[in-house]
Amino acid sequence: MTEAEDFAQLLQKLQNASPALPEGTSSTPTPSSSTGLLPNGKKTKGRVKIKMEYINNKLRRYTTFSKRKTGIMKKAFELSTLTGTQVMLLVASETGHVYTYATPKLQPMISSDTGKAMIQSCLNAPGGDGSDVQPSRTEFTFDSGNGGNGMRKRKMLSDVMSAESSNNSPSMPNFTPFLAPSMAPLFSTFGEDDYNNDESGDDSDSEEASSDIKEEYQGSPTMVKQETTEIDSVTASLQQRIKEAMRQAASNKQAIKKAKITPPSSNMNNAAFLNPFLLQGGANASNLLATAARKGDDAGSLTSNPFLSMGLNLQQLIESAAIASNE
């Protein structure tokens, strides 16, 4: 048996040993149900091709601008560093901020007051409201010579490319001008320290999770702190109102208890029970006893024996008992 036959048999054994996928299944990686992560350890698929159109969602547009602006600045830095090329890059955001990168020879064009005024006048110029946003590509060649002013400008393919792009390719979507006429731009320069910053964004076409976008656009810490303070103040005021209401309810309850009329004494109840058995003479005797008590005559006996203070007719009681026994 030759080596080729041995290799063929080994390959056949490997094919038979590998389990076949059931019908309706694919080898495309799917997120794990328990962790929600793809086999690459991330929640997204990574680099995907996105559609070249204006992003209407403000949060996604802000995130895309931040990543791609930093990415293009890094590319300009790499181009100038690796090839020794003189590079000048300017990016104007929709909030009126201008980000620039320039090599030393071109730095005066963006750092001087004249250059900044020129940039501001160009950005604040009328037009560019979305009717014609096709970029123009122009190439210049500067030759040092003795003739003329020592400079020869050569425009290459700009008109041809503009005509072809307007006739054949679909037009790019409209967008709002970045700067209003009254808005003064703020300049930020990109340097080597920014390039070495690992936390800066990239220009990858990544599929972004909505939760990540919301976390990036939650607002400034000052606004969050103000909202927390307002919530705390409202809670404190509600607690104070509840305490005052409970205190008022307790005081009202106490006042009601004090204002209640005390129930009549047992002596008065007994007198009311015996009123049918009382005669006019007994009532007069009761009045006499009460008058004597006020004058101090035998006051102790009246207070110690409650029956002496009642207008009791003993004869009527005896007659009533006799009638009841006869019946």
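Using the three backbone atoms N, Cα and C, a Cβ is placed for every residue, glycine included.
Here is what Swiss-Prot records for this protein:
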COMPBIAS  25-35  compositional bias 'Low complexity'
COMPBIAS  191-210  compositional bias 'Acidic residues'
DOMAIN    45-105  domain 'MADS-box'
REGION    12-43  region 'Disordered'
REGION    189-225  region 'Disordered'
Give me the DSSP three-state residue breakdown of the domain 'MADS-box' (45-105), ordered helix, strand, coil.
28 helix, 12 strand, 21 coil
Across the domain 'MADS-box' (45-105), what does the mean pLDDT come to, as a whole number?
89
